[in-house]
């Protein structure tokens, strides 16, 4: 395993192990996620990349049989401790899932929903926040005249951008994207990829993808995982052109996975 030469990381993972019951899903993971960069996790199905992503906002805490051991340091604090406030963590670390998941409410309320949980804004300030989030997600021009229509009225690609807008509306520091383009057509995928590149100006972005070309296009750093282990972690260009490990080379050249 090699670590990217960035110090200190926005997220620092130290000796992380994760278990689904007795199944050891992540094994001694160590890496630093660089601030205001895009980091991609790649690897075959079941390698642990989505599991690792979900430890960053403790999504596993919903399931008592799942547990993490080790440290994940965010802004100097280990988020894996029992003292960690889950709601505040998820305000700081936003997440967008594989399939678009708009709430059953208007486009406007999809954006405003999370904001209302953490802030008391005037109507004018909320209007401004909704416009800001939709603009950041490259969706404002397509929705500004139909904000009170259902989020379900949007196309699949628009719904995913709505979910990204919803995620950034509460102004997190980190944005997690779990296969955000897997259910989208190539045109919508292209727009999401452009958006990911733009978002790193304001956020630390971590993306899980099966699409190695997507990782190569969008990310600054890439981690290759296999069977719960971090095999290699490097600058994206270096990992794809000069992999240090044979397992990495075999995967990116299609020899297995």
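Note: Cβ is positioned from N, Cα and C throughout, glycine not excepted.
Under the heading domain 'ABC transporter', Swiss-Prot lists 11-252, citing sequence analysis as support. Under the heading ATP binding site, Swiss-Prot lists 43, 44, 45, 46, 47, 48, 49, 50.
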With the ATP site defined by 43, 44, 45, 46, 47, 48, 49, 50, which remaining residues of that chain have Cβ atoms positioned within 8 Å of the Cβ centroid? 51, 225, 226
The correct three-state DSSP answer for residue 46 (ATP binding site) is coil
Counting every protein chain shown, other Cβ atoms within 10 Å of the Cβ of residue 46 (ATP binding site) number 13
Cβ distance under 8 Å to residue 49 (ATP binding site), same chain, sequence separation 6 or more: which residues? 41, 42, 43, 208, 223, 225
Going along the chain, which residues six or more apart from residue 45 (ATP binding site) have their CB under 8 A from its CB? 210
Over the domain 'ABC transporter' (11-252), work out the mean pLDDT and round it to an integer. 95
